[in-house]
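Enquirer: I have a structure here, written as structure tokens, and I will follow up with some questions on it.
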Amino acid sequence: MTERIPLFEEDKDYIDEDHISEFAKALVWQDDYDYDANTTATTDITTTPINDEVPGIVSSLPSTNGNNKNKNKDINGTVSDSSSITDEDIMNSSYFDKPHSSTNLKSNSTKNDDDDDDDDDDLISRPQSGTTDNTSTTSLSSKRPDLITSKSDWFPIGGSRSSSSSKKGSSNYHKKTTPTSSTSTKSTIEILKNEFRNSSTYTLLRWPILIFVFSWIGILGIFYFMIRIYVAVSEYLFTWRGERKRLRNKLRNSKTYEEWINNALELDKFLKLDKWSENPKFSYYDYKTIKLTILKLQKLRHQGKLIELMVILQGCLKKNFAGIENRQLYSHRYYGTKNLVEEYYQEVVKCLELINQDNNNGDDNDDDDNDNEKIDIEKKWKFFKIVSKNYGKSALCLSGGACFAYTHFGIAKALLDQNLLPQIISGTSGGGLIAALLCTRTNEELKKLLVPQLARKITACEDPWYIWIPRFLKTGARFDAIDWARKSNFFTHGSTTFEEAFQRTGRKLNISTIPADPHSPVILCNDITSPHCIIWSTLLASSAVPGILNPVVLMMKNPINGKVIPFSLGSKWRDGSLRTDIPIEALNTYYNVNFTIVSQVNPHISLFFFAPKGTVGRPVTSSTRKTRSKQQYASFRGGFIATALEQLLRLEIKKWLQIIKSLDLLPHFLQQDWSNIWLQNFTGTITIWPKNKLSDFWYILSDPTEFRMKEIIEKGEKCMFPRLLFIKHRASIENVIEKGKKLTLTKYKQLKSGGVDCDEDVDVDVDIDDEEEEGESGGVVSDYDAQSFQKVVGWSNEDKKLLDELDNEDEEEDEEEEEVDVDDDDDDDDDSLSDSFEITTEHLKQRRNTIF
């Protein structure tokens, strides 16, 4: 028997029962929640507390009089513990049948100063003789606070809150109500009707059209998967045979990234894909501009002309400069890109490091063994701030996908091992759990946690069928929100807020949630939109898929006194993947993100991933005959006809889904527009599509074992290996820019403070002298200064002559390679068909450098 390997922090759960109790209270008694009890004790209006309605919740609440140190007793005198409260219990209608009491949540200061108010509260909570039910009801409803409630919060299948309260044994308040109070007791307003559905023709034709559309989509889907099967079979039978199949299997079985690189280079060499990197010409990027930029940067760097060097860098440090970040540059080899692209990234990093050198902080450095220009520290800081804004930032986006989301652990581990984990991470539904773990732990802690033993902490689906089936029948959801709140505390490091997570790790967490109202906008919870919101509550909301988990209330820490209260006045929220699985636009708005690494594991989306022109690190490989006949580096997957049919059928299916959404034909089951789940943008700059086996669907709602977790992590790592080179190139420039921005800002602050040393932990996002920045650029020439920019960056006659010489050299190399190809064709019997056609040298040269 193998020895049990301990997990880092395995004995810690970070559960705060006080916070869980506040969450349970806000979840059920949304209308009766006493905000004043958690903030101040000086209010003159008291609301109906729920101490006697749910035994045990108040036992964990903070109190000023100290009476809550002991466990609270219910009406029958039985001691109850807050840990026993579950979502199933609190949704039971029996809790609404007990009388209200308002004696336990009142502080001493309120009792001493407002005795008359206490007497009124006693009359409200305990109707005495001579007091009618209507009087009690009117008094109570007038004192309850006005809260914002969601329009479409769903309730247990047995009925809504109002229906359960009308049963025998309900309180007097629920039995007889005036029209005004009846409206206020509901946590949801009357469902709004769509005016466009009132048309008689809509009513008559809606279902026939919907049946026709779904039938046509089904037929298209059958043809679509026939095309996919044809492509897969043809690749298996005709493309991957013999030695190339052995090398590909060797590549797939690589255990480490270094081993994967060696195997990928071996496969590239066998397929002669390494020769593609030697030719700089390619139709998907402007190689002439890249060449000229490299020559100018090298010349200015050797001459030490830093001012002009900064001008050139301002022009080229921007998103996808000259097509340098086009995915096709990394989709023609298993490992590698154009040699010219490699040279560009290396040269830009050298130039940025030269500017970032500490040789110009105001004093002359006699020890410097170069003649570089001296640049004022303020100009350098402004330069790094400008290029940081132009270049943008990278972000890791983790999709939802139930238990398929555990593949994100392997994706994150591969990035972490190469020190490439971005500082901005977003997650939705299951991906939010992994994103929360990444943003609440340091790199050292993550290396100890991203191991197979982490499966011991994943117990969300541990309830057997004889527990969750009755729960589903009672509440309409398989899982219990309060139970999940406790289990998620380990991954969120307790009741950590978004702001606290950023302060602890420096990473910015983003979790996408949507209001239960189908028409309200999506909110991306982060340190900007909701800095004091508790992360585990947003995880529950982001996982609230209908039938899986009911909508929940977000919780936040009061920044004044640290008390836990509902966020957004008690509105309920649900799964963000229903509308925004990958919030690319919001990330760009908040953090200037323009390079996204998307890990997409949604099974209903990954089925339609095809990549007809190949993807990063996974080129489309031609058959053996075509590879030997001519150096064809680009081809459509399965051939042009198969690719055209696949694109046609997929876009046709998407068109009909868009028609269903535009005409609002689909029924809004549980008040949710389900047509959005196929019509979102599910991809990013780099998209990882882990392959799922058919057997994986059996575990879609089950907890992984340590053995399965090991397989899942390894699968995620292997999916990430082909993309790491592209990410490494992007991160090499981004990291140098951020380093220069941070160091120059520190020195700039020291200069502003008269040479006094500043703390090491400097907020690099703090703007200094905004008015000055908006004015003169401090000596850094702007891209929009036409004369200066043309003088420094413009193409002179010498540059054009140099480019012509380079083109002539490339043409000579192409002609030599083409002669070799023709000789090889004459010696190959399999190429007799191609020899029957006359192919001119000019045609070969043009064909060589295009994807088509």
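Each Cβ is built from the backbone N, Cα and C atoms, and glycine gets one as well.
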Enquirer: Labelled motif 'GXSXG' by Swiss-Prot, one stretch among 252-256, 367-371, 427-431, 797-801. Can you tell me which?
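Expert: From Swiss-Prot, the annotated motif 'GXSXG' range turns out to be 427-431.
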Enquirer: Taking a Cβ cut-off under 8 Å, which residues six or more beyond the ends of the motif 'GXSXG' (427-431) line up next to it in the same chain?
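Expert: Sequence-distant neighbours of the motif 'GXSXG' (427-431): 397-406, 408, 509-512, 542-543, 545, 575-577, 580-583, 599, 601.
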Enquirer: Determine which residues of the chain contact the transmembrane segment (207-227) at the Cβ level, with the cut-off under 8 Å and only residues 6 or more beyond its ends counted.
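Expert: Tertiary neighbours of the transmembrane segment (207-227) are 638, 642, 645-646, 649-650, 652-653, 656-657, 659-660, 663, 665-666.
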Enquirer: Using Cα coordinates, what distance in whole Å links SER429 (active site, nucleophile) and ASP575 (active site, proton acceptor)?
Expert: 6
Enquirer: Tell me, how many other CB atoms lie within 10 A of the CB of SER429 (active site, nucleophile), whichever protein chain they belong to?
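Expert: Excluding its own Cβ, the number within 10 Å is 29.
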Enquirer: Report the same-chain neighbours of ASP575 (active site, proton acceptor): residues 6+ apart in sequence with Cβ closer than 8 Å to its Cβ, ordered by sequence.
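Expert: Same-chain residues close to ASP575 (active site, proton acceptor) (Cβ under 8 Å, separated by 6 or more) are GLY400, THR428, SER429, THR513, ILE514, ALA541, SER542, SER543, ALA544, VAL545.
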Enquirer: According to DSSP, which of helix, strand or coil covers ASP575 (active site, proton acceptor)?
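Expert: Assignment for ASP575 (active site, proton acceptor) reads strand.
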Enquirer: Return one of helix, strand or coil for SER429 (active site, nucleophile), based on DSSP.
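Expert: It is coil.
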